[in-house]
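Encoded as C-alpha cells, the structure appears first; notes follow it.
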Amino acid sequence: MEKDVVSLEDALEHGLTKEEFQKIQEILGRIPNSTELGIFSAMWSEHCSYKNSILKLKTLPTTSDKLLAKAGEENAGAMDIGDGLAVVFKIESHNHPTAVEPYQGAATGVGGIMRDIFTMGARPIVSLNSLRFGNPDEPKNKYLLSRAVKGIGDYGNSLGIAVSGGELFIDECFSKNPLVNAMTVGIVRHDQMASATTGGQIGNSVYIVGATTGRDGIHGASFASKDLSKESESKRSAVQVGDPFMEKLLMEASLEAIQKGLLVGIQDMGAAGISCATSEMSAKGKTGMKIDLDLVPFRETGMNAYEAMLSESQERMLVVPKKGKESELVSIFEKWNLNAVKIGEVTADGMIEIYMGGKLKAKIPAESLVLGGGAPRYERETKRPSYLDAVKTWKPDEIPDVTKGANSKEILLKILSSWNVCSRKPITEQYDSEVGLVKLIGPGLDGGLSAIPGTNKALATATDCNSRYTYLDPYKGAEFAVCEAARNVYVTGATPYGVTNNLNFANPYIPENYYIFSECIRGMGDACRFLGLPVTGGNVSFYNESPEGPIFPTPTIGMVGILENKEKLIFNFPKEIGVELAVLGNFRPSLGGSEYLKKIHGQINGSIPELDIKEELELCKLILSLNESRILKSAKDLSLGGIAVALSKTVLFSGLGIESDLTSLRRNRLDLTLFGESSTAVLVGFDSLSKEDIRKQTEAYGLKFYPIGKTNSSGILEIKDAEIKISFQELSGPYEKGLEAVFAL
C-alpha cells in the first residue's frame, strides 16, 4: 500500500467537499492515498456520478415493453424494433473540451458516443450533432465553430458512419461556453447484445484492448465538472486526443469478438478511464477486480498509478472474456493490429485492487464508486429566478409591426439570413451522409430517415431544443423540445419510439440554476409520459457558464422513431406542381422568444408559444393516419421563423413556386401571422382531390385545417396578403450565404 496520505486541502483541490472526504474515510476505514483520492474524485465528479441530478432523473419515465436495457444500466439505451432487432442510441456532451480545444474536443465527443454504441454490440449506422455557439462574427466564436465542425466531420467520416441530422443554434450566451452534443444510433440483434459487466465470473481474466495509454485526458471528468474560467485555457491536457482510424479498427474487432460469443462483458474507457471501467463492470457483476498496471501498454514513460488510473486516452476498452476464449480474443485484436493484453482478473471480494511496481496502490470497494451505489446523491436548493416573471410582462404591442407594405419582403430576407434559420449546407457538406447507403432523408431537413440494412424498415432521428424557449419558460420550453422532436420524427412517416437527452445547464449549486434544471426535468418528463415515450438514458452537463454568465438552459432531446415500411416515407417538401398546401393542427403563433423578435427587434422576451400536449398527440396520430392512406405529398414541422420561413424553405428545397393566401391563418398583426412561431402545426401538401378527406379527418381529431395555397412552376413565392413576391434566386442568396463566411477557406 502506498504510504502517502492526503489532506482535506488535497481533497478540496480535487473537487470534493469536506463531507465527501469524510465519507471516503468512513468507506475505507482510513485516510486515502493520492491514487485513491484521484479515483474517488473522478468517480464522484458530477460527470461520472450525476450526484446533483440523479434524484431528478429518476422522476423521468423509463418504462416501456420495448425496452431491452434500463436507463443508466448500460452504455446506451436499447429498444426492441421487431424482427429480433434492437435500436441502440444515446446522446452525450463534450462541451468544456470543445471550449479549450475545439477540434479534438468535438472529435473525441463523437468517438466516445460511437464506442458507447458498439460496446453494446450494435453497429452504428447514423450520427447526429446538436451545436450551440456564440456569434460567428466574433473571431473566437468563428474559430470555435469552424474547428468543432471539422473535428466532428473528420472523425465521423473516417469511421464511415453517416450523419443523418442535427441542429445549430447561435446566441451570445454560448460565446465562452459552446455546447457540442453528439448522438449515435446503431442496430443489433437481440442475441448479440453485449453488457458492461463481469457477469459474476470469478477468476476470469481482465483485458485492456485497443490503443495505448498516455497522459492525455487526465482529470477530464473533473474538468467537465467545473465552471469554465480564464484558467480553463491551461487545461488542454484534460482534453483527450482521438484517432478515428484506431477507433474504426477497435469497432470492427470489438463487434467481431461480441458476435463470436467470446465475451462476458465489455466496457468503453471513457470518463475516468480504467477507474470507471473497472468499478462499473465490477459493481454490476457484484465482484471485484485485481489489476496490475505494469501490464498496461503505455505510450509514455514514467507514468504512475495516479496517472494510469485517470488517463482518458481514447479508443480503449476493458474486456472480460469467457474462460477458454482468451487466445481467440487476442487473435482477433492482433488481426486488427490492436493491443489485447491481460492486466488482471475478476475477484470475489468486491474490491478494486490496483498494483504497480509490485505494490498495492489502491484498494476500494467497487460499489462505493458508482452511480446508484456509494456515490453521493444530492438535491440542491431551488429559487425561482425573478427574470422569469419579468419576461412574461412583455406584450407584442411594445414593438412596432415593421412588416407592413413592402417591408415584409425585406424582413423575410433578413430572417432567412439569420444564423438560426439559414442554410446548414456549409456544415452538412463537411459530413458524409451517403456512406453506408442508408440515407432516405438526409441532414438539413426536419428529421433524418435512414434505411435499416437487411429490413424494409427505416429509422427516423432528430435532435431538438429551442434554448430561448427554455430560458423564457423552463417547464414549457422543455415540453416544447420533446414535442418538436416528436414532430420532426413523425413528419417523415415514422412513429416516435424513445428519447435520449443531453441536459446542458449552469452551476447546480446556485439555487436559481437548480430551479431551472428542475423545471426542465419536470416539463420533459410530463411530455414524455403523455406521448408514451420512455427516456432511455443520456447525459447531464452542469457548470456551463463563464465569468460573463450562464448559458441558456438547453435540454437537448434526441428522438428515434421507426417506419415499418420505408416505401411510406414522407418528404418535407412537395415535388410536383399543383400540390395543395395547408396547415394542420392548431395555429397559435407567438412572437415571444421568436427568431423575428431577436433578429429584427433585438429582444429575447415574452411568452413562448402555447402548447396543448393532448393536441400534440392527436396531431401525431393524424399525420401517421393520413400517411397510411398515402394521401400526403409532404409534411413539414412549422416552428422556427413561422409560416413565412416554412413557405420560403418549400420553394428553396423543391424549386417550385407557391401562390399563397394566409387568410385562414391571419391574426391582428401581420408580423405575428408571418413570423409568429407555433406549436402543434404541420405544413402538408396533398392532391386537390384529397382536400375534403383531409379536412374531415383533421376535424375528427379535434384539430383545425387551414388551407393556404398551391405549388406552381414559377419558382416564385407569393404571399398575397403580405405583398410578398420573391423569386427563388432572391430567396436563395441570403439563405445560402448566411454561414458561408464562417467556413470559407
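Just so you know, glycine gets a Cβ as well, placed from its N, Cα and C.
Features as listed in Swiss-Prot:
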- His47: active site (ACT_SITE)
- Tyr50, Lys90, Asn501, Gly538: ATP binding site (BINDING)
- Glu92, Asn539: Mg(2+) 1 binding site (BINDING)
- Ser93, His94, Asn95, His96, Arg115, Gln240, Glu312, Ser313, Gln314, Ser541: substrate binding site (BINDING)
- His94: active site, proton acceptor (ACT_SITE)
- Asp116, Asp268: Mg(2+) 2 binding site (BINDING)
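Using a 10 Å Cα-Cα cut-off from Asn539 (Mg(2+) 1 binding site), the binding-site residues that qualify among Tyr50, Lys90, Asp116, Glu312, Gln314 are Tyr50, Lys90. Note on Asp268 (Mg(2+) 2 binding site): other Cβ atoms within 10 Å of its Cβ, all shown chains, come to 29. Neighbours of Asn501 (ATP binding site) among the recorded positions His47, Glu92, Asp116, Asp268, defined as a Cα within 10 Å of its Cα, are Glu92.
Closest to Arg115 (substrate binding site) in space, going by CA atoms and restricting to the binding-site residues Tyr50, Asp268, Gly538, is Asp268.
Here Gln314 (substrate binding site) is positioned 20 angstrom away from Gly538 (ATP binding site), judged by their C-alpha atoms.
The binding-site residues examined here are Glu92, Asp116, Glu312; by Cβ neighbour count within 10 Å, the least packed of them is Glu92.
Note on proximity: of the recorded positions Lys90, Glu92, His94, the one nearest Glu312 (substrate binding site) is His94, by Cα distance. Of all residue pairs in Ser93, His94, Asn95, His96, Arg115, Gln240, Glu312, Ser313, Gln314, Ser541, the annotated binders of substrate, the farthest apart have Cα atoms separated by 21 Å. When the Cα positions of Tyr50, Lys90, Asn501, Gly538 are compared pair by pair, the longest gap among these ATP-binding residues is 16 Å. Between the alpha carbons (Cα) of Glu92 (Mg(2+) 1 binding site) and Asp116 (Mg(2+) 2 binding site) lies a span of roughly 10 Å.
The Cα of Asn95 (substrate binding site) lies closest to that of His47, out of the recorded positions His47, Tyr50, Asp116, Asp268. Of all Cβ atoms in the protein chains displayed, 27 besides its own lie within 10 Å of the Cβ of Lys90 (ATP binding site). Gln314 (substrate binding site) sits 14 Å from His94 (active site, proton acceptor), taking the CA atoms of both as reference points.
Looking only at the recorded positions His47, Tyr50, Asp116, Asp268, the one with its C-alpha closest to Ser93 (substrate binding site) is His47. In the three-state DSSP scheme, Asn95 (substrate binding site) is classed as helix. Taking CA atoms as the reference points, His47 (active site) and Asp116 (Mg(2+) 2 binding site) are 15 Å apart. Spatial neighbours are here defined as Cα atoms within 10 angstroms of one another, and by that definition the neighbours of Asp116 (Mg(2+) 2 binding site) among the recorded positions Tyr50, Lys90, His94 are Lys90.
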